[in-house]
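Student: Reproduced below are the annotations present in TrEMBL:
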type: DOMAIN; residues: B:35-79; note: domain 'Rhodanese'
Amino acid sequence: MLLVHCPYCDETLPELEFTYGGEAHIARPENPADKTDDEWRDFLFIRTNVKGPHFERWRHAHGCGRFFNAVRDTVSDRFLTTYKADAPRPDLAVLLADASMKEPSK
Amino acid sequence: MTHFSALSLLKNALTGQKNWQAQWPDSQPKSEYDVVIVGAGGHGLGAAHYLAKEHGITNVAVIDKGWLGGGNTGRNTTIIRSNYLYDESAKLYDHAVDLWEGLSQDLNYNVMFSRRGVLMLAHNVHDVQSFQRHIHSNRLNGVDNRWLTPQEAKEFCPPLNISPNARYPVMGGALQMRAGTARHDAVAWGYARSASQRGVDIIQNCPVTAIRRGPDGSVEGVETAKGFIRAKKVAVSAAGHTSVVMDSAGVRMPLESYPLQALVSEPIKPIFPCVVMSNTVHAYISQSDKGELVIGSGTDQYTSYSQRGGLPLIEHTVAAICEIFPIFNRMRMLRKWGGIVDVTPDRSPILGTTPVPGLYVNCGWGTGGFKATPGAAHTLAWTIAKGTPHDINAPFTLDRFRTGRLIDEAAAAAVAH
Ligand SMILES: Cc1cc2nc3c(=O)[nH]c(=O)nc-3n(C[C@H](O)[C@H](O)[C@H](O)COP(=O)(O)OP(=O)(O)OC[C@H]3O[C@@H](n4cnc5c(N)ncnc54)[C@H](O)[C@@H]3O)c2cc1C
Ligand SMILES: [Zn+2]
């Protein structure tokens, strides 16, 4: 089971309290009428589905109820960070450097 | 290559089983092929078999990063059925069931296809209405499916708990008698043996790292751990890794990869005569010929490539199985595992040509593509050979996510399946 840190409650809790909300930082089109079919396809259906660090949304459904964002490695399932919904997208290079510092030496 | 028959079994029994030949050679790649298929699961190997057998195209390589059949083909709960809602799906899955019926003969390999019937349980009013709609639509399409009352369901599957105060009350069920199971490994092995017998190279432990395109945009070949392999036609059947492979060709896919788990119990004497599925509680169960109960679960909620899956899913599934079949309360489970399934927004597969000339794809099967293996492989081989869609796979284009002509089995069933 994943342990998820809610940045609002500032607590790390079992995954069962949370629901997954799909890829993060996908902005709704500002002028929907101007969008081409290709752009609609990309917005609605295309996802990075990255094998590695993934920017994604979670919701603390059985806690504070709020949406927040996370970066999780989809190979190890380990969270690199979680952050509030209105915080800017974190710099991946910095996150990865931090994570490798915390990695136990082999 | 030995032809399997009662006679060859007898002959080898008399000589102490020492003279069996390897069923296919472990090939090393040549520098060029007419067709390269990425992924040696049932779908990739099947396409190679039909390319060779039906289209005479034998200069083909099937390349896998691991061992053949080690992906979802060797990890699934082997449920085969064709009672899907929409006309396009009914045609595709029923084409597969037609081929399943003759597959052991076609391959000279016992894939143990067993038409034991698949019963889908209805636990609430929504299930009842949705299954009855499926039954009507299936019958209009010539696909067998019928409604059973709780008593009839119990007669068909005696371990079922139909007590009205059960945790998951059974309000009836949809039964497809033509549906059943097959031996998953044998499907991969049978296709591999037949394809390699006809000249196809099966290259294992060789990850494809990228698809290379020429200046005009068309496919030139694949980069692999064993070097560049030239091919004017490349087909990708890489299940959960399809979007990773397609990305390297510059094609972004409407796919997300999720872990899906299954587990088996200790083996017991035959007790479970059919397959029972409960989509509402996400539990699927049948008994293998070895005697294990084979139990399938739902996907994890988050995307992942970890091929593991979380324990809460297993707990939930086993709890539901114990409620629906109290007789299994004290069974011990032996092992569980996960596979990575590639899920599309409408829960229908993507099958056929792509915007890149020479690049074909067979993916998006999500949690339910084993049943379609022969049908999809058969029509994909046709498409690769002729360069155009087959009547049956034509609606399952990648382009439907631009045009909006979705085949929305997701909305039809209200769950992944
Ligand atoms: C637990 C579980 C239960 C399931 N139950 C059912 C069921 O009851 N009924 C049903 O119909 N379906 C079921 N499915 C779904 C079914 O297993 C799949 O849809 C189907 O087997 C897919 O077959 P495939 O040949 O496309 O993929 P796979 O068998 O996964 O083959 C893909 C191959 O591609 C290879 N590959 C990936 N990337 C690369 C690369 N870069 N280079 C080279 N090779 C690569 C992989 O190693 C793999 O061998 C289940 C799946 C799971 C995981
Ligand atoms: Zn919270």
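Keep in mind that glycine also has a Cβ here, set from the backbone N, Cα and C atoms.
Nobody curates TrEMBL annotations by hand; they come from automatic prediction.
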Student: Could you tell me what the rest of the chain brings near the domain 'Rhodanese' (B:35-79), counting residues at least six beyond its ends with Cβ under 8 Å?
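Tutor: 27, 29, 107, 118, 179, 181-185, 187-189, 191-192, 194-195, 198-208, 211, 221-222, 224-225, 229, 231, 233-241, 245, 260, 262, 275, 277, 284, 286, 294-296, 337-341, 362, 365, 368-371, 373-374, 376-378, 380-382, 384-385.
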Student: Taking every residue in the domain 'Rhodanese' (B:35-79), what is their average pLDDT?
Tutor: 98
Student: Taking DSSP states H, G and I as helix and E and B as strand, how many residues of the domain 'Rhodanese' (B:35-79) are helix, strand and coil?
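Tutor: Reading the DSSP string over the domain 'Rhodanese' (B:35-79) gives 17 helix, 9 strand, 19 coil.
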